[in-house]
Amino acid sequence: MPRLEEQGACRWLITGRVQGVGFRPFIYRLARELGLNGFVRNRSGTVEVVTEGDASCIDAFAAAVQQQAPSLALPTIVSRKKIPAGFHTDFRILASSVGDTDIHVSPDYAVCARCFEEMQDLSNRRYRYPFINCTECGPRYSLIKAMPYDRAQTTMSEFTLCAACRAEYANPNDRRFHAEPLACAACGPELWFSEPGRIAVHGNETALAKAVAQLRAGLIIAVKGVGGYHLMVDARNERAVARLRIRKHRPHKPLAVMFPLADNLIALHGAVIADQLALSALSATDRPVVLLPKRPQSSLADCIAPGLSQLGAMLPYSPLHQLLLQDVGGALVTTSANISGEPVVTEPREAETLLANVADGFLHHNRSILRPIDDSVVQPCAKTIRAIRIGRGLTPLELKLPRPIAFPILATGAHLKNTLALAWGNRVVISPHIGDLDSRRSQAVFARTAAQLQRLYDVRAEAVICDAHDGYASTRWAKGCGLALQPVGHHQAHASALVGECPEVTGNWLVFAWDGVGLGSDGTLWGGEALLGGPGQWRREGSFRPFRLAGGDRAGREPWRSAAALCWTAGFDWNASPMAKEAWQKGLNCHETSSAGRLFDAAAAMIGLMDMASFEGKAPMWLEAIADPDIPALPLPLYRDAERVWRTDWAPLIPFLMDGRQSPAARAGLFQASMALALVKQALRIRAEHGEITIGLAGGVFQNRLLVEQALGLLDEWGFTVRLNEQVPCNDAGISFGQVIEALYGDF
């Protein structure tokens, strides 16, 4: 027996990702193994632990919490205090308490390997159960009503545990000990299948079989997943995929493909080129869509990603999806069930109404989804994984601020690819992808997310940060919410979003913020800027030769307008209607811009790839896909304007881009290489004047993998240190985070 003076007791507060990840059961088992008495319980966002026993065992407990925590947990011990001993005779899990506001919410996780094995085991009572989960996997964010994270605070409260599940829930040695979404076929959610004009079919196997039969027959099925509905169709059936495009009014935008896990991913490897980095991303707990190079010959329908060199590939993240793929026997096109750009649909009645003219059948389930959450999209680039869209599995995305913020703020983001960000203390939480805010439905989801985010984290914003553009729906909402308001420049937010991801970098930054368009501080439309300094103190040092762009917002979908504007500005001809040129000459509905994104649009039109684009980003995506990476760059002139901004003149590119004697691949390659070289020339000039700088590449143009890798190669040759966005998208989805960082360092 240890001597009395060797006995001790401690009270611990542990924060971070510690709820919804099996952390309390882990603490319970650890304490029992070490012979410690006491308790563990959830507070609103913190885990409170009391340990009593041998002092050396208490020290061992502290080390094990950090070193042996469940794989999904990210614990931080924020407090360890000695307390009087002698009050506890065993170790227990106590009921949760409320009142703590240090809340951390777990994202939705993909089905784990052990649950997958059980689902395939004929002798297991969860054999082929579409909603199998445990403390190491399954839904979290999409079904949490409020914290602390207990079953009663989730949509699973609608389902009463059967005796067998109740025994697992109460057994400390069971993997499902206190697994809040716990269920089985006897007591949990179930499937049903409906189709127009027919009686709905209920029951997991019956409904699943009906969906599989229709998918095999080339029909389109809307499937309710973890965060909303997908539209699914046989990825090998050209006519079925073409029919989906027609019904969804999506003629060219690429579609994602979900591949089965069978035979060591043979279907995946037959369609895309996936190295170890890509395979790690595909099989991570967030199971994102990963953009990968297409193989030239595959069994997939050609119209899945027409004109592109990459394919969005994903692996099944839910048991239901795995069963579908397994029974169909092949890959399935898996695209969000929504109107393009809007949030994903979540409710059965809503799905059947909105998708009545799209889907042939509906595979529903009765586990409620509290908030829509789309699939995440990532891209391997420059030996790392970069987020393109943050959604299921990655959000809510929690980041640590470089320093505490004075009071809670809500950042409302951009108009396209919208996300929200809530910041308080030294923390910021970024919402899942909401989408484009053009429709009433998108704006309603935006407003609901703003309210839910504050309610879920028990934080009330005292001020709101928005984009400087008054025409954005996010800005209009911010102005109408009644809080103190601070507008932030669009490109300053892009730059600060990157800086906020890299708090370890000190000194001056030079961030190239290249995108479509955003309102600049001089009232013109920026989009190809080199910003020097840091958050709250950016100064424009570089840009492109400005040009007048006709057509307003239409220019993003009509690349010929950008091409015509460049040609007319530089004194070249462009075959457009006399009325269009006259309107441009008179400056009717024209805006001066320095947009790099519109230069890519113009290049695509000049090469002859397209005059019209059916979706935003189509022109630069096709340009990248055909570009010959071995074509050398054309050095472009660099001059200084009256405001002492270095500007690259794009005009010498025009004769080369319009030279029909050269192949489209060669002309696209020359344009890509010339843009990368132009960036480096600006960086060299600015470094020569201002000394050592860290280079950042921010904005949606830098989703272009070829451009990024060419620029990185050149910058490395000249000795620059370069940083890219990784966790936070470089596109407009990162604007909300950048607005927070701007507010943190600005005069607000």
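If you go along the chain as it appears here, the first residue is 1 and each next one adds 1.
Every residue, even glycine, has its Cβ placed from backbone N, Cα and C.
Unlike curated records, TrEMBL annotations are generated automatically.
Following the DSSP three-state reduction, the secondary structure of ARG24 (active site) is helix. Spatially close to ARG24 (active site) yet at least six residues away along the chain are VAL40, ARG41, ASN42, VAL47, ILE93, HIS178, judged by Cβ distances under 8 angstroms. TrEMBL lists ARG24 (among others) with the feature active site.
Summarising the annotation, TrEMBL assigns active site to ASN42 (among others). In the three-state DSSP reading, ASN42 (active site) counts as strand.
Look at TrEMBL and you will find 9-95 tagged as domain 'Acylphosphatase-like'.
Among the features that TrEMBL reports, domain 'YrdC-like' is placed at 205-393.
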C-beta crowding around ASN42 (active site), within 10 angstroms: 26
